[in-house]
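The block underneath contains the structure these notes are about, expressed in structure tokens.
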Amino acid sequence: MSDLKPFVAKVAAREALSRDDARAAFEIIMSGAATPSQIGGFLMALRVRGETVDEIVGAVGAMRARMLHVKAPDGSIDIVGTGGDGAGTYNISTLAALIVAGAGVPVAKHGNRALSSKSGTADALSCLGVNLEIGPEAISRCIGEAGLGFMFAQQHHSAMRHVGPTRVELGTRTIFNLLGPLANPAGVRQQLVGVYAPQWVDPLAEVLRDLGSESVWVVHGEGLDEITTTGVTKVAALKDGTITNFELTPADFGLERVTLDALKGGDGAHNAAALQAVLDGAENAYRDISLANAAASLMIAGRAKDLMEGMDLARKSLSSGAAKVALQRLITVSNAA
């Protein structure tokens, strides 16, 4: 079938799609056979009715089948959020990724430019001088030599060109916010995944379990698709097929609570300058929340036995300059491609 309309009608009637039907629908979208109106109608019908685990797994299958793959070392991790939380914070996962890389865990980071916010990972890294327009071999070199490689979503998911304009015009969250973190081109099995709403914490952990992930935390922190320092973070931790639920507070990281205003960022240039300032030694709320997310990532990757050890390793990555060196090497290696 190459017609999306029957699937639009089914979802609009509040019927759930099977994994096979969901995969077929998203293959139609990614092949370019659907019109922008059909895509927009389908995405919004899914959102209003609510996406199911089977629909997400099927959609991810369609994305993964078409993506451009990257080789990464065993034990690599991704630190990624769905976006779409509307909070306008700094690029927290980006700084956390540099801290983790500086602590010696390879990071295969997947991200994009801002679609429904002011600054995505790609916007900040581009402003810092990282070359985003590089191929899989060069990204693998970045991971090997800098400890961090950035996989620009539009480079690795070229089929998304059929969806991008519609997503921008809609200007709101869709299932594609959920799919991005699930379709890492390096096939990482360890991730810290932030989701834009608390109701997605458990379902995405289930999806990742079904997709074969090994060690993952899916988190939501009081409106943020990150571990937050503003209050309570909900966590679904997947380890070897078992999902455990718990909550975290800033005190679990040895941190004080802050207001959301303390975490507000700006555009790519603004956030890049703030990130560089932390690498240069600034101590502020942006640093602290990034340390918390890095600490959790180090625990997920098995480098730290608990969050406090993760915080110690993360702080050393900053204080020793290792995180800053990771960025400098990423800039150098990416521009030598």
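Keep in mind that glycine also has a Cβ here, set from the backbone N, Cα and C atoms.
Annotated features, as they stand in Swiss-Prot:
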type	residues	note
BINDING	G81, N112	anthranilate 1 binding site
BINDING	G81, 84-85, T89, 91-94, 109-117, T121	5-phospho-alpha-D-ribose 1-diphosphate binding site
BINDING	S93, E226	Mg(2+) 1 binding site
BINDING	R167	anthranilate 2 binding site
BINDING	D225, E226	Mg(2+) 2 binding site
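Among the binding-site residues T89, S93, N112, the residue whose Cβ has the fewest other Cβ atoms within 10 Å is N112. Across the structure, E226 (Mg(2+) 1 binding site) and G81 (anthranilate 1 binding site) place their CA atoms 7 angstrom apart. Considering only the binding-site residues G81, N112, R167, the residues lying within 10 A of S93 (5-phospho-alpha-D-ribose 1-diphosphate binding site) on a C-alpha to C-alpha basis are G81. When the binding-site residues H110, N112, R167 are screened for a C-alpha within 10 angstroms of the C-alpha of D225 (Mg(2+) 2 binding site), no residue qualifies. Note on the binding-site residues D225, E226: the fewest other CB atoms within 10 A surround the CB of D225. Between T89 (5-phospho-alpha-D-ribose 1-diphosphate binding site) and G81 (anthranilate 1 binding site), the C-alpha separation comes to 12 Å.
Contacts of H110 (5-phospho-alpha-D-ribose 1-diphosphate binding site) defined by a Cβ separation under 8 A and a same-chain sequence distance of 6+ are given as D78, V80, F150, M151, A153, H156, G180, P181, A183, N184, P185, A186, in order along the sequence.
Each residue contributes its Cα atom, and for G81 (anthranilate 1 binding site) and the residue listed as 'anthranilate 2 binding site' these two points are 17 Å apart. The DSSP secondary structure for E226 (Mg(2+) 1 binding site) is coil. Counting in whole angstrom, N112 (anthranilate 1 binding site) lies 13 from the residue listed as 'anthranilate 2 binding site' by their C-alpha atoms.
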